[in-house]
Amino acid sequence: MITLYGVIGDPVAHSLSPAMHNAAFKALGMDCYYAPFHVKGRYLYEAVNGARALGFGGLNVTVPHKEAVIRFVEADQAVRDIGAANTIDFHTNKAYNTDAPGAIASLRDSGVRVKGRNVLVMGAGGAARAVTYGLLKEGATVTIANRTAPKAADLAAYMREYGDVFGTGMDSLAEKVAISDVIVNTTTVGMGEDRTLVTAAMLGPEQAVFDLVYKPVETQLLKEAKAAGAKAIDGITMLARQGALSFEIWTGVKPPLDVMERSARDAV
Ligand code: ATR
């Protein structure tokens with residue numbers, strides 16, 4: 001019998017996860033199917049329990065439900081620390097966060113070491129939370145720079161338990177970039193537009209730039225990074241890795257990462 005999986009979000013229509021997971025199921029010859037479900041906040045509880053009741057294998061949870069969902073599912077330690085989950089496994093009835101390890105895997109697979117290095121995280125929203133947590137657990141020193149400085153300070157105060165982290169505004173950004181080994185963009189700047197907060201003039205060839213934005217795949221920020229000779233890591237790299245980690249949690253099978261990554265790149 002076919003096992004169903006899906007992603008719940010609002011909006012969810014443009015999610016690349018169905019293409020990615022179905023490509024992996026097909027490549028492995030697994031009798032499984034993954035679909036997107038548009039779920040409004042007021043139906044989140046019913047949706048999760050309905051999927052469980054219908055025998056779904058698991059769900060991905062995306063914006064804006066990642067925080068709310070942990071109120072009624074059993075969460076693992078990282079989910080409790082981060083305050084957000086993106087994966088529910090109905091075999092174990094547990095929630096996980098694969099965004100944090102997905103981000104770390106993206107850097108590692110791109111040959112970027114973060115232990116003991118200075119990482120600048122731009123943005124202080126949900127994505128910044130997961131990425132900062134992952135970086136701190138790896139032993140990086142993190143500066144969170146956000147347009148709304150108090151939000152960066154709040155996030156840094158919350159994350160201080162896990163490592164060396166500071167929160168600041170976006171002023172004097174060039175100076176903050178200059179003292180960073182790795183720059184991560186978790187803001188929405190560059191999504192469907194050619195704007196960037198960091199330009200080539202601020203960067204050098206020893207640095208790595210990681211943009212979580214994946215539409216377009218090559219953002220203006222990544223173009224600037226390449227122009228400066230810096231290493232450029234795109235958002236599809238992370239999307240594929242968080243997806244592969246969810247897949248493994250659900251099925252116990254390591255999926256073909258190349259297949260997942262390629263299908264996401266084709267679908268974007
Ligand atoms: P996500 O869940 O993807 O992290 P979010 O929680 O809505 O999304 O966070 C969006 C982030 O992008 C925030 O850090 C936001 O900054 P503010 O806290 O100041 O709103 C940042 N952001 C959005 N538009 C921006 C802009 N034009 N310039 C700088 N930062 C921006």
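Cβ atoms here come from the backbone N, Cα and C positions, even for glycine.
Marked as domain 'Shikimate dehydrogenase substrate binding N-terminal' by TrEMBL: 7-88.
Per TrEMBL, the feature shikimate binding site maps to SER15, LEU16, SER17, THR62, ASN86, ASP99, TYR214, GLN242. For THR62 (shikimate binding site), other Cβ atoms within 10 Å of its Cβ number 20.
Annotation source TrEMBL lists active site, proton acceptor at LYS66. Long-range Cβ proximity for LYS66 (active site, proton acceptor), meaning a same-chain Cβ under 8 A and a gap of 6 or more residues, is found for ALA84, ALA85, ASN86, GLY126. In the three-state DSSP scheme, LYS66 (active site, proton acceptor) is classed as coil.
The domain 'Quinate/shikimate 5-dehydrogenase/glutamyl-tRNA reductase' feature in TrEMBL is assigned to 113-188. With DSSP classes pooled into helix, strand and coil, the tally for the domain 'Quinate/shikimate 5-dehydrogenase/glutamyl-tRNA reductase' (113-188) is 32 helix, 18 strand, 26 coil.
The NADP(+) binding site annotation in TrEMBL covers GLY123, ALA124, GLY125, GLY126, ALA127, ASN146, ARG147, THR148, ALA149, PRO150, LYS151, LEU212, GLY235.
Under the heading domain 'SDH C-terminal', TrEMBL lists 235-264. Within the domain 'SDH C-terminal' (235-264), the DSSP-based counts of helix, strand and coil residues read 25 helix, 0 strand, 5 coil.
Spacing of GLY235 (NADP(+) binding site) relative to SER17 (shikimate binding site) is 13 Å (Cα to Cα, whole number). Sequence-distant contacts of the domain 'SDH C-terminal' (235-264) (same chain, six or more residues past either end, CB-CB distance under 8 Å): 5, 16-17, 19-24, 27-28, 30, 32, 57-58, 60, 86-87, 89, 91, 96, 98-99, 101-103, 105-106, 109-110, 210-215, 217, 219. ALA127 are the binding-site residues among THR62, ALA127, ALA149, TYR214 whose C-beta comes within less than 6 Å of an atom of ligand 1, given in sequence order. Over the domain 'Quinate/shikimate 5-dehydrogenase/glutamyl-tRNA reductase' (113-188) the predicted model carries a mean pLDDT of 98. Here the CA atom of ALA127 (NADP(+) binding site) lies 16 Å from the CA atom of SER15 (shikimate binding site).
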